[in-house]
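Okay, structure first, notes after.
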Protein chains: 2
Amino acid sequence: MLDEARALDAADPLALARQRFRLPDGVIYLDGNSLGALPVMTPGALSRTAEREWGNDLITSWNKHGWIDAPARIAAKLAPLVGAKPNELLVADSTSVCLFKLLAAALAARPGRATILTERRNFPTDLYVAQGLADLLPGTQINTVDRADLGTAIVDDTAVLYLTHTDYCSGERHDMRALNEVAHENGALTIWDLSHSAGAFAVELNGSGCDLAVGCGYKYLNGGPGAPAFLFVAEHLQDDLRSPITGWMGHAEPFAFAGDYRPAPGISRFLTGTPSILALAALEAGVGTFDGILMSDIEAKSAAMTQLFIDEIEARCPEVTLVSPRDPAQRGSQVSFSHPDGYAVMQALIARGVIGDFRAPNIIRFGFAPLYNRFEDAWQAADALAEILSTREWDQPRFHARQKVT
Amino acid sequence: MLDEARALDAADPLALARQRFRLPDGVIYLDGNSLGALPVMTPGALSRTAEREWGNDLITSWNKHGWIDAPARIAAKLAPLVGAKPNELLVADSTSVCLFKLLAAALAARPGRATILTERRNFPTDLYVAQGLADLLPGTQINTVDRADLGTAIVDDTAVLYLTHTDYCSGERHDMRALNEVAHENGALTIWDLSHSAGAFAVELNGSGCDLAVGCGYKYLNGGPGAPAFLFVAEHLQDDLRSPITGWMGHAEPFAFAGDYRPAPGISRFLTGTPSILALAALEAGVGTFDGILMSDIEAKSAAMTQLFIDEIEARCPEVTLVSPRDPAQRGSQVSFSHPDGYAVMQALIARGVIGDFRAPNIIRFGFAPLYNRFEDAWQAADALAEILSTREWDQPRFHARQKVT
């Protein structure tokens, strides 16, 4: 019921956070799990960084405007969102490059063990990174199993359990704590990809005993398209792990121009090359949209908003089948349904200004960003879907034509 | 003579290009080899990308605004600057990550050969990347020799000759053509770091028979602090080489979400993760400062401007010693001198608004960007240095105090 949704918005402790974003009129944006919305502060941050800092102060900005400290400074702001200590996080590179670094570091830290254990439905780029590393390092095995078999597949040869926390397609969350425990009992390390978790709900990296993690800056963190990623290395592991991609930023004395690499103490050793300061400025503004926000409020709103959406659709749309977990504690801040013509259905929704996305073969996917999505958005999107399905509005040639990026 | 310098500026076919940059008043900026100046078009490009594209069109911008094609589109604009074909270049990651990718790919393409050959004075991060890779791949050797010994050090076990084209400290250029020939005669591949070459003078990647190369976006290309890097793979090698860091952007079908990695045909296989579109927008504006410019004009101006600077300083400053090659054809677009108190001398210059930089132990370094530096700048900088040295203006406590980034 629309009235109920509006009442929930009126009582929402996060309602004011929507003003931190510049959202286009006439659009219900439910794709913040693919690309977060533009924060109001970002254009100014970019302009300040480009014109006042780079333009006026040129090379001296590295000191004068704290560019050199940006990867650690942003990481410190991000740490409370994912339950880490500030010195356990770092902003760097892309998600895929960060995964490569940590996976190689984890394998090297478990000599005598040759297997990366992962699941069949892990995010494709995560699988690709593992495959590329296994090609590079002779003897490395990848054991790819079904989700249900993960617990028993962790064995003596498992060097690292390598998983995405929240499934990009279904939104199902793994039990990080339980899997970390099994991994540790068997002497393996764990790497968690938090791309669909960080900023969507309360992640407890330390609380659940994680070893290593990587996350995405451009989804729920609103850092802008292709924003730098972040990586996490639990404090007690930092001195034992080494990045395989050793550049000047990770050197113990980056400005000594020494010929031999000596890794910096702590998390900084996982830096490689000079990061884009413009990209970092946008990411800092994105992380800033969480200023003063309680992750418990984010989590509660995510659960309630996705539930309202599911309830409304299941009541009115017999044509679709819920793919996401029914228990809010087991799903991320996204809801997926299957429909045989999912692609065309999503195109019809987009034509109405309801932006979600499609994932092959038949999934329509809706991301809910608790900072800027409203309960009313969830209701309106469900209402639009119900109309599109009941009238078969989606069954038009223009909605079947595929685009390059979907 | 100042009059002569001004006459050269009046006759300079590149003089109008200076208007493409926003340079602060009262500053002579001779550090474009560390961080290029802000192009006039960049703030608008950032604002358009953030507000009109990301803000208004959100996820649909990947198609609508060509974000997905940006790495190849910018590479195609860059290709003529370095003598490559458009399909041989790619914009991606940082310089260090690109070096890692190409070095690993080159080693894999030369099975049975274990040695990376490089020189002692190679840029430190290049050495670090090689050391990190050698730690990762058991059996890999790094042979680090003096520059003079490179030609004879290429032997049967050399997998790859790995050099920086223009020495960051002295500005001395290698003879790429000659070294490529020796390497190829001995069955080795070559990797050239063009960080201090690309945009500074005419680089002939194909003309000199280069196999692989990497370059920096934030020096002479004016792409902004920490801009993405570029990499080059000669067309005939592309199908035989594979990137070790395999992410979704380098997949043959990136939107199929397949579980198995299949490298894209051609140069695209060297992409990894999602690039920062904001950083790419700035880089595209930076590369755009070369629109309509002949690299032969760049090279001629660089040679003449650096020569004027050297002549003026050598005539007036017996306290310093030229470190760069005397022959303009052997030096990049930079000039370095040594002075026992080089650090303080450079700080005194900076205090007067002449911005160069210092490199340990005793080098003062001046970069000349032919697009925006004037012959008058060269004369004024030499004049300032002559005064600072003759009066010992540099010998004050405030000029001896070290900063974090120098």
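Glycine too: its Cβ is placed from the backbone N, Cα and C atoms.
Where the annotation comes from TrEMBL, it is an automatic prediction and has not been curated.
Bear in mind that the values here come from a model prediction, so they are computed numbers and not experimental data.
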Of A:T60, A:T140, A:T274, residue recorded by TrEMBL at the pyridoxal 5'-phosphate site of A:T95, A:S96, A:F123, A:P124, A:T125, A:D126, A:T164, A:D193, A:H196, A:Y218, A:W248
A:T274
Could you check the binding-site residues A:T95, A:H196, A:W248 and tell me which sit with their Cβ under 8 Å of a chain B Cβ?
A:T95, A:W248
C-beta crowding around A:T125 (pyridoxal 5'-phosphate binding site), within 10 angstroms
28
Local backbone state of A:T125 (pyridoxal 5'-phosphate binding site), from DSSP in three classes
helix
Tell me whether A:T95 (pyridoxal 5'-phosphate binding site) sits in a helix, a strand or coil according to DSSP.
helix
Extent of the pyridoxal 5'-phosphate binding site in Å [max Cα distance among A:T95, A:S96, A:F123, A:P124, A:T125, A:D126, A:T164, A:D193, A:H196, A:Y218, A:W248, A:T274]:
31
For A:K219 (N6-(pyridoxal phosphate)lysine) and A:T164 (pyridoxal 5'-phosphate binding site), determine the Cα separation and express it in whole Å.
15
